[in-house]
Amino acid sequence: MSRLVTAGVTASRRRPVLVGVGCVVLALGIALASLEPGSLFTSMTSADVFVFEQLLLPRVLIALLAGASLALSGAVFQSLTRNPLGSPDVLGFTQGAATGALVGVTVLGGATLVVAGSAWIGAVASAALVYLIARRGGVTGGPRLVLVGIGVAAMLGGVNDYLITRANISDAAQAALWITGSLDGSTWSGVVLLAAAAAILMPPLILASRALRIFEMGEDLAVGLGLRTELLRLSALAAAVVLAATAASQTGPVAFVALCAPHVARRLTRASGPNLVPSALVGAVLLVAADWLARYAIPDRELPVGAVTGLLGGGYLAFLLAQQRRTGRI
Amino acid sequence: MTHRRALGIPAALGVLCVICLLSLAIGALPLSPAAVWHGLTDPASSAYPVVRQMRLPRTVLGLLVGAALGVAGALMQALTRNPLADPGLLGVNAGASAAVVTATALFGISGLGGLIWFALAGAGLISVLIYLIGGSGVGSPARLALAGTAVNAALYAYVGAVELLDTDALDRMRFWTVGSLADADFPTVTRIAPFLLLGALLAAGCARPLDALALGDDAATSLGGRPALTRAVAILAIVLLCGAATAACGPIVFVGLMIPRLASRFTGPSLPRILPYCAILAPVLLLGADVLGRVVARPAELEVGIVTAVLGGPVFLLAVVGRRS
């Protein structure tokens, strides 16, 4: 009996590691495939070198980093809202980023850097607004946060509709592409930015997974166990939003990576708790794979990566809703 | 209490009449009351094209669509036993949008006659989905709202993808997806009226049985109700009302959320009493928002969907923050 238990414990500890290693191998494999390695071994013209170094390589690196950032942020939100459908969208993230990007495109001229900056500001500002409205007497209950986020998102949606209808059609198309999420404009400066954000924000979040696991047990219990829940909620929300906003400033708010990656990770590791590192790795795999699909799924036609994740994620969501309902979690 | 109730409906009707008159009188072209009257009655009048052919169908469409959204919202809140259920927030209108975008971009269908069937199908699919998630009564408001957000996100991702592949579709659809009464004409009104009428009749029919369901399925059955039939009729009514309304003027949020909440302040929780108030007060809100949209951006106008979203948001937030949870 005890051997069985020990074996079970070892297996449950080994599994996340195996999943992690598998994800890294898979991500690198798809990344290499997207880099079109055949051309590396033949003689490359200077144009090929340029395409490889300035277009393909940053694109793949951004996909890896943005996927990991969005997924980690989603895992933190699912933990904090104690709901399998939590994602930065709970704080009006997508709509806020879209408002920022639309203002950048229609009012401020639409230069890449300007759009990225205004989208970042839009996302972070809307999240801060939602947090402040939901806060009462120094506490933000989980459900209230979710509902306030939905209200603010709906209002920002109205503002976005207004901006899109008032724009000329080329601005509207640029904004629509940005809102969907695309890796077309990837640059090395974007890679550096995302890497820096990941290096600064990911380690503290990962260190907080123990506290998050206690938090998931319920507000009262967490307080009873000595956790400062409001401090944890505020700091984890802030770090996760900034991480996701930085990723979105380079790629647009790519749909469903934040929502789906933690589920896939949990299904693979079968571990309880927030599962942060596996989620981030799965997110990186998902985004690189989605980008590969987006480039090759329709011959002669490149889809934006957000369209692929949106469609795949929608299907997964339907499955998830059906299943969660059966187990009574929604 | 009885006294107040007797006065409530006439008072609400009075407000509705005032809003209708405002909707006829106010617009990009300033007209005196006399000119409006002539425009309404005299085909030779110079105001006739503006008042009779633009503002009148717009007002009638606003009345019908507003009433439909209000009643559908009340039904949905009763059906899911969730005070925050709204066809817009839960994705029913987005389902109709997605179906309409598909029909426009992929099959090249235009014109309300063909689109309305797609809108009904899309609304139907999402209504059933929402009911499956929230109808069992186990979901808390926050959970149902989260599910709605996720459904909305999926549908808008799809709409966005279709629009990106086809810039022409984007140019046509970006105005429709806002929610607007600006293109109203009488053929649109007559086209959607039968669907709305049928939906309203079904809603009236299932109001009392739905109330009984609030006691729980067992109690409702012992009172002679048939829970499964009642729910099916209610869903059908929601689909007809929301699908037809969305086909005519695009997805509009918050009307179905705010009005039933407001109405239940006057009436208490009884659905048969709430529904008439919803049918009267929701058009007041929709037409009021439409008139406001015409006034604030003169001589251009703000689409009614934008006004309801921006006005409705704070009301929703107040409702959420003010709730003792």
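Each residue, glycine too, has its Cβ placed from N, Cα and C.
Listed features, source TrEMBL:
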- B:58-76: transmembrane segment (TRANSMEM)
- B:88-109: transmembrane segment (TRANSMEM)
- B:115-133: transmembrane segment (TRANSMEM)
- B:145-165: transmembrane segment (TRANSMEM)
- B:232-254: transmembrane segment (TRANSMEM)
- B:274-292: transmembrane segment (TRANSMEM)
- B:304-322: transmembrane segment (TRANSMEM)
The transmembrane segment (B:88-109) touching the transmembrane segment (B:145-165) per 3+ Cβ pairs under 8 Å rule: yes
Sequence-remote partners of the transmembrane segment (B:115-133) [C-beta within less than 8 Å, at least six residues beyond its ends]: 76, 79-80, 85, 87, 90-100, 102-104, 109, 139, 144, 147-148, 151, 155, 191-192, 195, 231, 235, 238-240, 242-244, 246-248
Spatial neighbours of the transmembrane segment (B:88-109) far in sequence, C-beta under 8 Å, 6+ residues away: 72, 76, 115, 118-127, 129-130, 134, 144-145, 147-149, 151-152, 155-156, 158-159, 162-163, 165-166, 169, 172-173, 176-177, 238-239, 242-243, 246-247, 250-257
